[in-house]
4 protein chains.
Amino acid sequence: MKANIKKIAVLTSGGDAPGMNAAVRAVVRSSVYYNLDVYGVYKGYDGLINGDIEQLQVRSVSNILSRGGTFLLSARSDEFRTKEGRAKAYDNFKANDLDALVVIGGDGSFTGADVFSQEYDVPVLGIPGTIDNDLAGTDFTIGYDTACNTATEAIDKIRDTASSHERLFFVEVMGRDAGFIAVNSGISGGAVAMLLPEHNWGIDDLIRRLQRGASSEKASNIVIVAEGCKLGSAYDIAAKVKAQLDYFDIRVTVLGHLQRGGSPTTSDRVLASRLGVAAVEGLLNGQSNVMVGVVNSNVVYTPISEAVKTIKKIDAEEFRIAKILSI
Amino acid sequence: MKANIKKIAVLTSGGDAPGMNAAVRAVVRSSVYYNLDVYGVYKGYDGLINGDIEQLQVRSVSNILSRGGTFLLSARSDEFRTKEGRAKAYDNFKANDLDALVVIGGDGSFTGADVFSQEYDVPVLGIPGTIDNDLAGTDFTIGYDTACNTATEAIDKIRDTASSHERLFFVEVMGRDAGFIAVNSGISGGAVAMLLPEHNWGIDDLIRRLQRGASSEKASNIVIVAEGCKLGSAYDIAAKVKAQLDYFDIRVTVLGHLQRGGSPTTSDRVLASRLGVAAVEGLLNGQSNVMVGVVNSNVVYTPISEAVKTIKKIDAEEFRIAKILSI
Amino acid sequence: MKANIKKIAVLTSGGDAPGMNAAVRAVVRSSVYYNLDVYGVYKGYDGLINGDIEQLQVRSVSNILSRGGTFLLSARSDEFRTKEGRAKAYDNFKANDLDALVVIGGDGSFTGADVFSQEYDVPVLGIPGTIDNDLAGTDFTIGYDTACNTATEAIDKIRDTASSHERLFFVEVMGRDAGFIAVNSGISGGAVAMLLPEHNWGIDDLIRRLQRGASSEKASNIVIVAEGCKLGSAYDIAAKVKAQLDYFDIRVTVLGHLQRGGSPTTSDRVLASRLGVAAVEGLLNGQSNVMVGVVNSNVVYTPISEAVKTIKKIDAEEFRIAKILSI
Amino acid sequence: MKANIKKIAVLTSGGDAPGMNAAVRAVVRSSVYYNLDVYGVYKGYDGLINGDIEQLQVRSVSNILSRGGTFLLSARSDEFRTKEGRAKAYDNFKANDLDALVVIGGDGSFTGADVFSQEYDVPVLGIPGTIDNDLAGTDFTIGYDTACNTATEAIDKIRDTASSHERLFFVEVMGRDAGFIAVNSGISGGAVAMLLPEHNWGIDDLIRRLQRGASSEKASNIVIVAEGCKLGSAYDIAAKVKAQLDYFDIRVTVLGHLQRGGSPTTSDRVLASRLGVAAVEGLLNGQSNVMVGVVNSNVVYTPISEAVKTIKKIDAEEFRIAKILSI
């Protein structure tokens, strides 16, 4: 089925992720390739509500492929959650003669897109852009690989100090609901343990793990704590461990927002490029209200409602590997 | 089927690749986890021939996860291609009471492993470690992701100069038989064209492509040339283009061996960790004369003869994307 | 005056700094060059107290030039602050027939060296290794340049997110007594303000500064907070600003220990190399109880007591520049 | 003396260098601070000749502090070497009511500035922006520190491969007339020898040096070759060495243009910021036909004719250190 699409808009929404610019660039360039007009909406849904919309050219996206953040700016929009907000957004959508909307963001952004698409029968296509990698319907989200590498590089630096002083470090990485960054950076950083939102480790399990490490005379140790870990923040956990194992010289580092920034990795740029092209081609082929992803190296389109509802699970295999390697 | 494996040896062979150390570490740590003795063979097959073999402990592989190269050293062995060489290797293999051999390397190394395994009925397990990504039986080889990122970072730097001076740069990347690095770094570096061993572009096709770019007033251009490109070296091609399009200010950079080094990326470390564990578990489960790889996120074991014989192809889809984005 | 030095020991003490390994390497290699025996003391002064001492060869320091941390390990020694501790240290010093001691560290480490040298008439030579750059007698300390670059790279990443979301970020960098890292990374990160231990800015000054920024419609802002800033931690300050300027979307990131790690920059490696050679040559020329530094590109030896007592001041000029550029 | 300066222009000329953008930003921001109008001239002197001139605002230089290259573009202008070219440039200079010109570049660019300033009595102020560090009147030029770090990082990667394969690598770095990058990256990369334009080493000296290395069983070796080395290119030298020492496994890497690009280091950004402010303040204080530099941490103004004529020498001390450390 060929859709009659002539003019599309693209916006970035929610927390920014490295590679969002690369995705916008791919949407713009493939639109031009297919003779579509393409418009950029600034500051996420707020820009749609306020009419902060501008036509984009190939020239508008020159030199952004390698840049972190999003030149379209991003925001979480409270107003778009209201009926009135979405009505204003639709007014601007029609006023600009737009035929379809590409939304680059995470699950919150997609939920909004879903409602909007159903209320106004607007073709919407989602591109997964979030460092959290917690969306079903794609093996990887844009920004995830870069965030993992940023975390790994930070852990490598912290290990220099940990080794030199024979210390135990707790390193907190992002991941409120999902421990993807924690597991991957934990394996690649050689952590002795990873505390994830998905798991039910008690403080005693961790203590046992660390005593085993100490008994094997491991001079330095790094424990990765995902933001959403049920045992508390990295500081909380460090205090509890200190209370029981006072022979450890303990330090805490919270990586925080630097995980969101930086020039995207090759994988993230290539993924963003593929998904940007596939988003435009999807719209041209009549896809609507779907998220485009890559599963087993193939482009797939998943209904947004499904991508948002299903919880992607961490590969149990990967966690098993982590345990074997942290003996 | 459980194999009776008590003592294994591991070696790295052929061109070094970032992540080889991470793979050795995983082989050592999972061997210890499964109560096996594990020995390191230095300088590839030559070390087997010369008895340059040493028992490894967890301690032997501390602090190598993040390091490029291979602390076991690597080499291409001419002697191992001879019957006499392999006989000496087998003598040392038996003298050390070894039960199995893990070989980390590329297709040349695996061919040797295949012959050795069949001649002496030795269980051999291959781990794909090469930046070229040209082995069947795995989606990615260890080192490939790092090499792509190294190439991309170099292209980003070259683009700074290309943009500032409105120049055309030819950047030669590694890849004698396969253009994997060229395509990926080309997409992620925003190249205007990529010249691959797999393709039959003539100089005229390239000229047309560049004229199109010039007409669209692209201020700077980068062309990626894979080492094995049939049109010649980056210098040859640059000279031919200069002869026809003398208004271009042309420069050439050959990235060379720096693509082989550097601290491995998160992906390469995680892949190496998975494959190292899977190699040991494969041997324990009776696998022999196979290469372990990851296909669609699952560990698979492929007969070495097959992995070596089949040529892995560049995803045509990826090349199609590259063309759309380089308008 | 030529001293009769045949055997020297080297140790690293206090907080680790990138380039300490490069300095140890230079001490070892120049000792070998001048036909001296050289010993490594592990874990700072504690190693001297416990006899954790080992002869070093050129081979012992291969491949450490590029590595963060210190392979000799480091610690702050409480025991060395006692007369008894220093007596044990001297016993081991004599037992190993050592003639002189090279101490790589910061002011705390040098104070100990000073006392030890005077108590036992031992030639001691200090090399300034600390990321804080707060020692008189040298323009730069080893590790400072790397720490500044690490902070700058982190700020660059945070700016990606700050720009994308039009946020105000408070970034806390190291520097308990001195704002060197804060000023340098502030200028190089384009911060709107820097809060230093040396200054007496009140919260109102900061508020005024930020309102000026807001009125000039600066979309995103970054404020650098040195650890030792009198206004409180980055979190405290952020809360106070939020209370008065609630239209700002505010975030905080504490860089923490990752500033201590990482591969040293070219400047730090070259500085460490120069100082390591100059330390050995200084001892051979009869220098004792001095710190070696580089002032205006020349090697100078300063009495340790002076280097420790004098407080190095931040260049007022640099702070003036920062103010002009943050209009 | 206060000069009557109201409107200034800034251009970048010659080979681009990391930090040029930071310098332009500092010129623009300090101009605004001092209530001057500031204009950007595109593509170096050619832009002056062709009237490619545009007023710059604070907004024009947002987000460029961290970027390599120069957004004003750069070029070497043949026309500006002619009397007619300079006459056209002066016509545009007057047509825009400009009072002074800031030129960011190297010696070629300054020579042109000198002639122009004398012919038309135009106040010209030079800022040293070149990776070569070969200008008198400043301890460091903008871009030099970044280029050294880029070279060092490349050497670190090459060393991974060199060590893994026990190879001898010849690495060619930039530096046609001066070996500054070669010496610094050689020391920081742990090279066994550095071949500089300033020295008269014959091939026999190098051979002797390498034999000494081989006899001390150094497994891998790296020799740095400056572009302008009198013994020939890295390829030539490698061939000559191979002819005499055929037991070496030899490889060559030419770093080339990637040394010019990349995000500037903290040092380069701070230096560029200082010099940009000092350039504007110098013009306001009546300085003309001078280059601004930093010598022993102080800002100094040197007559351009002098800065260009005098040859800055490599610190003999640094070369002495290099020799001691490469034993």
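Yeah, the Cβs are placed from backbone N, Cα and C, and that goes for glycine too.
Here's what TrEMBL has on this protein:
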- A:Asp132: active site, proton acceptor (ACT_SITE)
- A:Gly15, A:Arg76, A:Ser77, A:Gly106, A:Asp107, A:Gly108, A:Ser109: ATP binding site (BINDING)
- A:Arg25, A:Ala26, A:Val27, A:Val28, A:Arg29, A:Arg159, A:Lys218, A:Ala219, A:Ser220: ADP binding site (BINDING)
- A:Asp107: Mg(2+) binding site (BINDING)
- A:Thr130, A:Ile131, A:Asp132, A:Arg167, A:Met174, A:Gly175, A:Arg176, A:Glu227, A:Arg251, A:His257, A:Leu258, A:Gln259, A:Arg260: substrate binding site (BINDING)
- A:7-282: domain 'Phosphofructokinase' (DOMAIN)
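Where TrEMBL records a feature, it is marked here on the structure.
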residue  : record                 : DSSP (3 states)
A:Arg25  : ADP binding site       : helix
A:Ser77  : ATP binding site       : coil
A:Gly108 : ATP binding site       : helix
A:Thr130 : substrate binding site : coil
A:Met174 : substrate binding site : coil
A:Ser220 : ADP binding site       : coil
A:Arg251 : substrate binding site : strand
A:Arg260 : substrate binding site : coil
From A:Gly15, A:Arg25, A:Val27, A:Arg29, A:Gly106, A:Asp107, the binding-site residues whose CA lies within 10 Å of that of A:Thr130 (substrate binding site): A:Gly15, A:Gly106, A:Asp107
Residues from A:Arg76, A:Ser77, A:Gly106, A:Asp132, A:Arg260 facing chain B - recorded positions, CB under 8 A: none
Inter-residue Cα distance where the pair is A:Gly106 (ATP binding site) and A:Arg29 (ADP binding site), in Å: 23
Site with most surrounding Cβ atoms, counting all protein chains shown within 10 Å, from the binding-site residues A:Ser109, A:Thr130, A:Ser220: A:Ser109
Residues close to ATP site centre defined by A:Gly15, A:Arg76, A:Ser77, A:Gly106, A:Asp107, A:Gly108, A:Ser109, Cβ within 8 Å: A:Ser13, A:Gly14, A:Gly44, A:Gly105, A:Phe110, A:Gly112, A:Thr130
Other CB atoms within 10 A, centred on A:Gly15 (ATP binding site): 24
A:Met174 (substrate binding site): nearby recorded positions from A:Arg25, A:Arg76, A:Gly108, A:Asp132, A:Ser220, Cα cut-off 10 Å: A:Asp132
Cβ-Cβ neighbours of A:Met174 (substrate binding site) (radius 10 Å): 25
Rounded to the nearest Å - Cα separation of A:Asp107 (ATP binding site) and A:Val27 (ADP binding site): 20
Binding-site residues near chain C, Cβ-Cβ under 8 Å, from A:Val27, A:Ser77, A:Met174, A:Arg176, A:Ser220: none
Local Cβ density at A:Arg260 (substrate binding site) - other Cβ atoms counted within 10 Å: 26
Rounded Cα-Cα span from A:Arg260 (substrate binding site) to A:Gly106 (ATP binding site), Å: 13
Least buried by Cβ count (within 10 Å) of the binding-site residues A:Val27, A:Leu258: A:Leu258
A:Gly106, A:Gly108 as binding-site residues, winner by CB count within 10 A: A:Gly106
Close in space, distant in sequence - A:Arg25 (ADP binding site), Cβ under 8 Å, 6 or more apart: A:Val61, A:Ile64, A:Leu65, A:Ala272, A:Ser273, A:Gly276
